[in-house]
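**Q** So TrEMBL lists these for the protein:
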type	residues	note
DOMAIN	1-105	domain 'NADH:ubiquinone oxidoreductase chain 4 N-terminal'
TRANSMEM	60-78	transmembrane segment
TRANSMEM	90-109	transmembrane segment
DOMAIN	108-390	domain 'NADH:quinone oxidoreductase/Mrp antiporter transmembrane'
TRANSMEM	115-133	transmembrane segment
TRANSMEM	145-165	transmembrane segment
TRANSMEM	185-206	transmembrane segment
TRANSMEM	213-233	transmembrane segment
TRANSMEM	245-267	transmembrane segment
TRANSMEM	274-296	transmembrane segment
TRANSMEM	302-323	transmembrane segment
TRANSMEM	344-362	transmembrane segment
TRANSMEM	368-398	transmembrane segment
TRANSMEM	419-438	transmembrane segment
Amino acid sequence: MMKYLFMILGFFMLFSFKLTKMMNLFQNLFMILIMLMFMNMSLSENFKMLGFNMGLDLLSFWMVILSIWVSFMMLMSSYSIEWNNYFKKWFILIIIFMLLLLLLTFSSMNLFMMYIYFESTLIPMFLLILGWGYQPERIQSGLYLLFYTLFMSLPMMLGIFYIYYNEKSLMIYLLVNYNNLSIMMYWVMMLAFLVKMPMYLFHLWLPKAHVEAPVAGSMMLAGVMLKLGGYGILRIMPMMLNMKFMNFIIIINSMLGGLIISLVCLIQVDMKLLIAYSSIVHMGLILSGMLTLFKWGFVGSLILMIGHGLCSSGLFYLSGVLYERTQSRSLFINKGMMNFMPSMSMWWFLMSIINMAAPPSLNLLSEIMLICSLLSWSWILVFNLMMISFFSAVYMLYLYTYSQHGEYYSGKFSYIQNYVREFLLIIFHWFPLNILILKMDMFSF
């Protein structure tokens, strides 16, 4: 499997440095080939293809596929950088470097190496925000991103050293029965991943980073980098089962936080901020579901990580399409867009309803599984879950109706119509979201 991954990375580099029309065509065909190749794979919950302390199991496999998929779409979405030649080769190099670090993170079986790669992914994201962001405030948001993550991650490194001192090994599959953690060690190991997800109260860096990042940066941040937190928790949870009574603090915080953030979404006028806050609600649901320690919670959180990765990436791209036309993210400026881009309005609707978990998307199935696991854990959460589900639909309808319907802003009179490339990119987001529900056996642990 690893040789296939590095072959894909090689093709990626080959196609990226010469982005002519023919290479763009090859790139699109190559994405379709990957899609067809992986729809036919039989997956296993055990680690496969071991070597160099690296290997893939079911969880790693899906995260690797998501990383490759979103990275291709990042390149396709950054046509304005290529067209205007804004340090195009550096931009492509940073994307490839980020993809490589993500592949290494998801395929590493050594806890310390996973931590090193996990932290290293910050560097290319920081460079993307600083180099290709839109406003001067991008320096502040880049520092928020760095300091929040690094400050909470350093205690985890000490925790990893402590585990190595006791166990003389850091291989993840050998630490499954390591039940020797104290309460302090539980929080030391969890905090780095809780900030990355992010959990409510540790989320302040995320809206800032999304607002200042370029479209490609937002797609990678929402599509893959938030999933690093969920992936890390699923990896370290088996070694912390003696501390499972502490999980209720995180579950209650995420549930209440999800409700508060849902209400915050209703007062946003910035499209990117609204989509970023909706990501926090979904990641809170993922976090709560996996910490119930039920099988449905684990499987549901994996499926929602895939579904949310594609859906939020697509929504950020759609907001980027409008930003390229109007040079604004405000819903007051971008209202009545159905008058100018009627065909793109359909894709706005389709991506919006997927984010509110409409059938037959992956989000629907995963939210049903997560809600069932949370109600099995405690029926008291029923009111909270009802409110979160209801307000998810409300704020996505608010985003769709305000941006597409109504009277258009009087300062606008004409736009460049949509390109085929833009429709193709949205289809690449939408197609796996609705087709993968036919292959649910690929997700079961």
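Just so it is clear, glycine is given a Cβ too, placed from its N, Cα and C backbone atoms.
Walk me through where these features lie, including what they touch and how far apart they are.
**A** Remote same-chain residues near the transmembrane segment (145-165) are listed as 111-112, 115, 118-119, 122, 125-126, 129, 175, 178, 185, 188-189, 191-192, 194-196, 202, 204-205, 208-209, 239 (criterion: CB distance under 8 Å, separation of at least six residues from the stretch ends).
Among residues of the same chain six or more beyond the transmembrane segment (213-233), those with a C-beta under 8 A of the stretch's C-beta atoms are 59-60, 63, 66-67, 70-71, 73-75, 77-78, 81, 91, 95, 98, 102, 105-106, 114, 118, 121, 125, 128-129, 132-134, 138, 141, 190, 192-198, 206, 272, 275-276, 279, 283, 286-287, 290-291, 301, 305, 308-310, 312-313, 316-317, 319-320, 323.
Same-chain residues lying 6 or more positions outside the transmembrane segment (245-267) and placing a CB less than 8 Å from one of its CB atoms are 183, 186-187, 190, 194, 199-201, 203, 274, 277-278, 280-281, 284-285, 287-288, 291-293, 374, 377, 381, 384-385, 387-388, 391-392, 394-395, 398.
Residues 194, 197-200, 203, 206-207, 210-211, 222, 226, 229-230, 233-234, 237, 241, 244, 247, 250-251, 254-255, 257-258, 261-262, 264-265, 268, 304-305, 308, 312, 315-316, 319, 355, 367, 369-370, 372-374, 376-377, 388, 392, 395-396, 398-399, 445 of the same chain sit 6 or more residues outside the transmembrane segment (274-296) yet have a Cβ under 8 Å from a Cβ within it.
Panel annotation: around the transmembrane segment (302-323), residues 58-59, 62-63, 66, 69-70, 73, 77, 210, 214-215, 218-219, 222-224, 226-227, 230-231, 234, 271-272, 275, 278-279, 282-283, 285-286, 289, 329, 334, 337, 344, 347-348, 351-352, 354-355, 361-363, 365-367, 369-370, 403, 418, 422, 425-426, 429-430, 432-433, 436, 443, 445 of the same chain, lying at least six beyond its termini, place a Cβ under 8 Å from a Cβ of the stretch.
A Cβ distance under 8 Å defines the sequence-distant neighbours of the transmembrane segment (368-398), meaning residues of its chain 6+ beyond its ends; these are 251, 255-256, 258-259, 262-263, 265-266, 274, 278, 281, 285-286, 288-289, 292, 294, 296-297, 299-301, 303-304, 352-353, 355-357.
Sequence-distant contacts of the transmembrane segment (419-438) (same chain, at least 6 residues past either end, Cβ-Cβ under 8 Å): 24, 28, 31, 35, 39, 69, 72-73, 76-77, 79, 306-307, 310-311, 313-314, 317-318, 321, 343-344, 347, 350-351, 354, 360-365.
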**Q** The domain 'NADH:ubiquinone oxidoreductase chain 4 N-terminal' (1-105): mean pLDDT?
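**A** Over the domain 'NADH:ubiquinone oxidoreductase chain 4 N-terminal' (1-105), the predicted model scores a mean pLDDT of 74.
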